[in-house]
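Asker: Provided herewith is a single structure, encoded as structure tokens, for subsequent inquiry.
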Amino acid sequence: MAISLSAPRTTELKPRIVVFGVGGAGGNAVNNMIEAGLEGVEFVVANTDAQQLQFAKTDRRIQLGVQITQGLGAGAHPEVGMSAAEESFPEIGEHLDGAHMVFITAGMGGGTGTGAAPIIAKCARERGILTVGVVTKPFHFEGRHRMRLADSGIQELQRYVDTLIVIPNQNLFRVANERTTFAEAFGMADQVLHSGVRSITDLMVLPGLINLDFADVRTVMTEMGKAMMGTGEGTGEDRALMAAQNAIANPLLDEVSLKGAKAVLVNVTGGMDMTLLEVDEAANAISDQVDPEANIIFGAAFDPSLEGVIRVSVVATGMDGASIAQIEPKPVSRNISAAPLIAETSRPAPQPEPARPTARYEAARPAERPVAFAPEPAPEPEIVMSAPQPEPEAELYYDEPTVAEEPRVSAAPARSVNRIVDPLVDDVAEEPLFPENNYYEERRPQKQGGFFSMFGGGRQRYEQQASAPQAQARSAQSARPQLQPIETPQADDAEDLEIPSFLRRLAN
């Protein structure tokens with residue numbers, strides 16, 4: 001009887017994560033991650049430029065489009081990069097077989113990254129691999145044409161990835177200073193990808209008190225659109241709160257907000273000195289910034305190398321609704337603000353025309369007012385107190401149809417002068433006062449002048465008693481029409497006719 005002794009076959013069950021660098025920017029990001037010593041992932045580099053591909057620090061390289069580009073690059077034409085990736089589609093699939101998660105990193109706006117990244121994402125999606133895209137947008141000084149190519153490439157890539165993270169290169173100016181070198185600035189952008197990948201690998205490598213597995217990552221990141229990944233560290237007092245705030249506030253990411261996140265994965269990592277209150281403080285600091293209905297998955301792990309340091313990693317996804325809500329109201333507010341401006345400028349145009357005749361009437365009224373106030377100042381308060389109560393109701397109905405322009409002109413002075421009384425009542429009460437006083441005042445000198453003119457000489461007495469020059473002008477105007485049919489010459493003619501005619505006839 002033969003006895004065979006053999007070691008039991010054990011299969012290592014752990015997720016396989018691949019970082020796929022596409023184009024020149026993607027290859028540089030992979031090289032920086034390899035130099036940083038990131039472990040637990042596989043690195044693959046694909047490029048149409050054979051010369052640039054030789055500088056890759058990984059042995060897994062793919063020459064895209066050998067027949068199409070012949071290793072000379074895509075020439076900043078995305079359609080060339082797309083055709084090159086389609087030519088190398090089988091080789092791309094070989095590197096993706098067996099992977100559970102793939103990070104596709106590229107720089108948008110060029111030829112290879114813009115055109116080939118969507119094809120690689122499509123290949124990964126066909127195999128059911130959790131696909132995350134981490135791409136950069138060009139600087140503003142690179143021109144609008146390159147920015148339009150980047151936007152179209154991002155839209156095409158978003159069709160095939162589960163989660164997309166966009167890093168505008170222009171945001172590097174938020175963290176860079178005068179001494180920041182060009183290489184260091186791009187290293188900051190690559191750090192976003194590095195921290196995001198490390199936050200995923202730490203979940204599966206480090207022992208967790210509150211364990212998180214790859215299934216939780218898939219739940220948070222599958223079919224979630226725009227995402228935000230950040231990692232923050234803190235030391236000293238309030239280190240947990242500082243780490244949480246640094247993880248959320250990443251100035252390099254595109255304009256996204258945690259308010260609209262549908263799913264959030266939070267992992268707090270620290271040394272053996274990490275306390276329960278610190279874990280609670282870090283978790284609450286992030287949950288307060290998220291919608292209460294969001295799916296929050298929390299985990300905590302220990303890392304002996306982080307003695308005195310707390311690290312918080314956040315993966316928030318599903319923020320397309322928040323970004324759209326921030327963009328849509330802007331053009332609406334401009335249209336709303338522009339509409340009243342057009343209406344306001346068109347309305348006051350006819351107003352200055354009626355304002356001119358009113359100025360003429362107002363200029364004529366002050367000439368009549370001194371006549372009213374000079375002889376009789378006392379009867380005015382009696383008219384103000386008694387007249388406006390019964391008269392305004394009747395005058396409102398008569399003045400509105402006949403005079404349409406008076407309420408507009410009288411409304412302006414009523415606001416500044418009359419503060420206690422209703423301006424509508426004041427306008428009605430003020431209008432009949434002046435014509436009534438002028439009416440009676442014009443009648444009185446006419447009666448006196450007509451009465452004294454019958455006897456003669458009374459006109460001179462009235463003119464001597466009047467002291468105001470304006471009253472003399474008023475009496476002169478009323479007396480002049482009566483001086484034209486002068487009766488005195490008629491009496492003289494009568495005397496001339498009576499004396500010679502009667503005397504001669506009687507004498508004869």
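Positions of Cβ are set from backbone N, Cα and C atoms, glycine also.
The GTP binding site annotation in Swiss-Prot covers Gly24, Ala25, Gly26, Gly27, Asn28, Gly111, Thr112, Gly113, Glu142, Arg146, Asp190 and is backed by sequence analysis. The annotation compositional bias 'Low complexity' is assigned in Swiss-Prot to 464-482. According to Swiss-Prot, the feature region 'Disordered' maps to 342-389, 428-508.
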Asker: What's the number of neighbouring CB atoms sitting within 10 A of the CB on Asp190 (GTP binding site)?
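Answerer: I get 22 for this one.
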Asker: Pick the one among the binding-site residues Asn28, Thr112 whose Cβ has the fewest other Cβ atoms within 10 Å in this structure.
Answerer: Asn28
Asker: Of Gly24, Gly26, the binding-site residues given in the record, which has the fewest other CB atoms within 10 A of its CB?
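Answerer: Comparing Cβ neighbours within 10 Å for the binding-site residues Gly24, Gly26, Gly24 has the fewest.
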Asker: Going by DSSP, is Glu142 (GTP binding site) part of a helix, a strand, or coil?
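Answerer: DSSP assigns Glu142 (GTP binding site) to helix.
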Asker: Whole number in angstrom, please: the longest C-alpha to C-alpha distance across Gly24, Ala25, Gly26, Gly27, Asn28, Gly111, Thr112, Gly113, Glu142, Arg146, Asp190 for GTP.
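Answerer: Overall maximum Cα spacing for these binding residues reaches 21 Å.
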Asker: Translate the DSSP assignment of Gly26 (GTP binding site) into the three-state scheme.
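Answerer: Note: Gly26 (GTP binding site) is helical by DSSP.
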Asker: Sequence gap of 6 or more, Cβ distance under 8 Å: name the residues on the same chain that satisfy this around Glu142 (GTP binding site), in order along the sequence.
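Answerer: The list for Glu142 (GTP binding site) reads Gly109, given in order along the sequence.
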